[in-house]
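This report refers to the structure that appears directly beneath it.
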Amino acid sequence: MEKKGSVLMLRYEVGKFLGQGTFAKVYHARHLKTGDSVAIKVIDKERILKVGMTEQIKREISAMRLLRHPNIVELHEVMATKSKIYFVMEHVKGGELFNKVSTGKLREDVARKYFQQLVRAVDFCHSRGVCHRDLKPENLLLDEHGNLKISDFGLSALSDSRRQDGLLHTTCGTPAYVAPEVISRNGYDGFKADVWSCGVILFVLLAGYLPFRDSNLMELYKKIGKAEVKFPNWLAPGAKRLLKRILDPNPNTRVSTEKIMKSSWFRKGLQEEVKESVEEETEVDAEAEGNASAEKEKKRCINLNAFEIISLSTGFDLSGLFEKGEEKEEMRFTSNREASEITEKLVEIGKDLKMKVRKKEHEWRVKMSAEATVVEAEVFEIAPSYHMVVLKKSGGDTAEYKRVMKESIRPALIDFVLAWH
C-alpha cells in the first residue's frame with residue numbers, strides 16, 4: 001500500500017504520501033475508471049484492536065456517513081482486508097486552515113467567512129445527532145476554492161454515546177480547545193462543548209494566537225475553567241461581544257449555534273447559497289415538531305449505536321470489518337415520521353392483512369404473525385425525527401416473507417419511507 005503506483009482493490013491507483021497520524025497514513029489516489037482524485041486513509045487493523053480503538057473507528061465511519069454537507073469532508077466508501085481498513089475520502093487540496101494562521105491573524109472579513117462556514121457545518125452535524133469533540137484549525141481543511149471542510153471525526157460522538165444522564169463522559173479534544181466542562185470530567189454536553197471550540201477557533205483566526213496559553217497544563221486548565229481571556233485591542237466590538245457569549249464557562253448559558261448564526265457580526269456579508277446536498281439531507285427534519293408526547297417518545301425509542309447506523313446504510317456493509325455475523329432475512333428503511341406514527345401504521349397494515357398483531361406498550365416494536373410467516377418490525381432513532389425501521393422474518397417461510405413484503409407491506413408504507421436500504 002505504501003508504494004506509489006500500486007493498485008488497491010483493483011479500483012484505485014495509489015499516489016503520493018500526504019501525511020500520517022497516530023494510527024493512520026493518508027495517501028493521494030486516483031480512481032482507475034473515473035480518474036477522480038481521492039484521499040485514502042489507511043488504518044492498521046491489528047494496531048487499533050490492540051489499543052482498543054475499535055469503537056472510535058466505528059464512530060468515525062458512522063459520523064462521516066451520516067453527514068453530507070459542502071463544508072464537511074465526504075466519505076466515499078470503506079474497504080477492508082484482513083490487516084487494513086481503507087477510508088476513501090474526498091481529496092481536499094488547499095491544505096489546513098492552521099497554515100493560514102500560523103504566520104499571524106487573518107483579516108476580519110476572511111476570518112468571518114471561515115467562521116460562518118464552520119458554524120453552519122457544526123450546526124448541521126448537531127442536527128444529525130453528531131458532535132465532533134476535536135474541533136481545531138488542524139482539523140479544518142481548505143479546498144481549491146478556499147472553502148472550509150471539517151475533517152477527522154475520530155473522536156466524534158453520536159447521540160447514542162451518552163449515558164443515562166444524557167452526558168458524555170470521556171475527555172476528548174486538544175487541551176487548548178476543550179471546554180471547561182470537558183476538563184471537569186463530570187460529564188458534558190458534546191454539542192455545547194463544540195460551540196466552545198468554535199469560539200477558540202474564531203479567537204485564533206482574529207487574534208493570531210490562542211486565548212488560553214500556559215506551558216503548565218494544570219495552569220492552562222485553570223485559565224480555561226475561569227474563561228480568563230484578554231482580548232486584543234484591535235478586535236471589533238461585535239466580534240468581542242460574540243466571543244464573550246461563546247467562551248462562557250457555564251455550558252447552560254453559553255450561546256447556541258442557532259443564536260450565533262442570528263448574531264449581527266456573524267450575518268455581516270453572509271450570502272445565502274443554494275446547497276443541494278444540504279437541502280436534500282434537511283428533508284429528514286420536515287416533521288421535527290412533535291406533540292406533547294415527543295419527549296417521552298425520544299426517551300423510549302431505542303438509539304442505534306454508531307456501528308449499526310453505518311452498517312445499515314446503503315453501500316456501507318461493514319459487518320466484516322471487526323466481526324462476523326449470520327445473514328438475516330430483513331429489510332430496512334429510513335423515515336422522518338415519529339416512531340409512534342410508524343408503529344401505528346405497521347399495526348394497521350398487519351390488521352389489514354388479517355395477521356395477528358402484537359405491540360408492547362411503550363416499545364416501538366410490532367410483531368405480525370400469519371400462518372406461513374412472522375414479521376417483526378422495530379423502530380430505532382438515528383437522530384431526532386429521523387428513524388431507521390428494521391423489518392425481519394422471525395419465523396415461518398422465507399419465500400412467503402418476501403412475497404408479503406413485496407406485494408403488501410412495502411407498498412403500504414410508501415408515504416412513510418425516505419429510502420429503502
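Note that Cβ sites are derived from N, Cα and C of the backbone, with glycine treated the same way.
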Region 'PPI' according to Swiss-Prot, located in which of 268-297, 328-357: 328-357
Of 92-121, 152-181, which range does Swiss-Prot call region 'Activation loop'? 152-181
Among the binding-site residues listed here, Leu18, Ala24, Val26, whose Cβ has the fewest other Cβ atoms inside 10 Å? Leu18
DSSP tally for the region 'PPI' (328-357), helix/strand/coil in that order, comes to 14 helix, 8 strand, 8 coil
Nearest-integer angstrom distance between the alpha carbons (Cα) of Ala24 (ATP binding site) and Asp134 (active site, proton acceptor): 17
Below 8 Å Cβ to Cβ and six or more residues apart, same chain only. Which residues does that give for Gln20 (ATP binding site)? Val26
Spacing of the two Cα atoms, Leu18 (ATP binding site) and Asp134 (active site, proton acceptor), in whole angstrom, works out to 21
Return the count of C-beta atoms lying within 10 angstroms of the C-beta of Asp134 (active site, proton acceptor), excluding that atom itself. 19
